Amino acid sequence: RTALQEDGFGDASLIIRNVTLQDYGRYECEVTNELEDDTGMVKLDLEGVIFPYHPRLGRYTLNFREAQQACLEQDGILASHDQLHQAWLEGMDWCNAGWLEDGSVQYPISRPREECGRKDTPVGVRNYGYRHKESEHYDAFCFTSNLNGKVYFLKTYRKLSYAEAVQACKNNGAAVAKVGQLYAAWKIQLLDRCEAGWLEDGSIRYPIVNPRARCGGREPGVRNLGFPDKKYKLFGVYCFKKAGEAAPEKGPGGGHPNRV
């Protein structure tokens, strides 16, 4: 995926194809010519979105390794401080502390209030410093970038249990969308849907770009209704289809689950 492209004597470019989330960071390029050498530093930034995350078990249940894994499972990686700071500059306000990729624990506050470190404290990214990676537990701040596909709300003739939602997306040539995929679709593809639906982790969420009455508040964002009972609670579903994958021919059931 990587190669050096020579642009002239003593000049070269690093080419990275099929960029992934793991490619984010700083790259050092050293050019040696007999007794002379030169070093350049390049930072690769990715367009994307930060999202706070905690699993079904509840808030403050993840050590550092578990936070890393939780982000990966939701199509993301642990965010950097620079990424969280940029999200705060863009208005992010979140009152729960979460792990970052360097092992620090931080949270962004745009509207100081008593329950978030006191009302008289300044706005900013609050920093708990570097915490013990095994014994301490917090939420996670994940980062995800461009989608290689499409997230969409699947039209069905009735609300679905979680198992039915999984089968419905599968019948439609897709999979239930992950949290990071829904955030990327909201932020980058401007997905706006005032209907709650299942996601892969068992949570219920929906993306709002243009806030309006009865759609969960005055601010744009991804609304989170928590983790309901997978068997007995019924909702719609958000599916994810990879780019270039055509939907299979629909059988008698189409994209809908079969009745049991």
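Placement of Cβ uses the backbone N, Cα and C atoms for every residue, glycine included.
Please treat TrEMBL annotations as automatic predictions, because they have not gone through curation.
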Recorded disulfide counterpart of CYS215 (TrEMBL; options CYS194, CYS239): CYS194
Local confidence of the domain 'Link' (149-241) - pLDDT mean: 97
Rounded distance in angstrom between the Cα atoms of CYS95 (disulfide bond) and CYS215 (disulfide bond): 22
Chain-internal residues near CYS215 (disulfide bond), provided their CB is under 8 angstroms and they sit 6+ positions away: CYS194, ILE208, ARG223
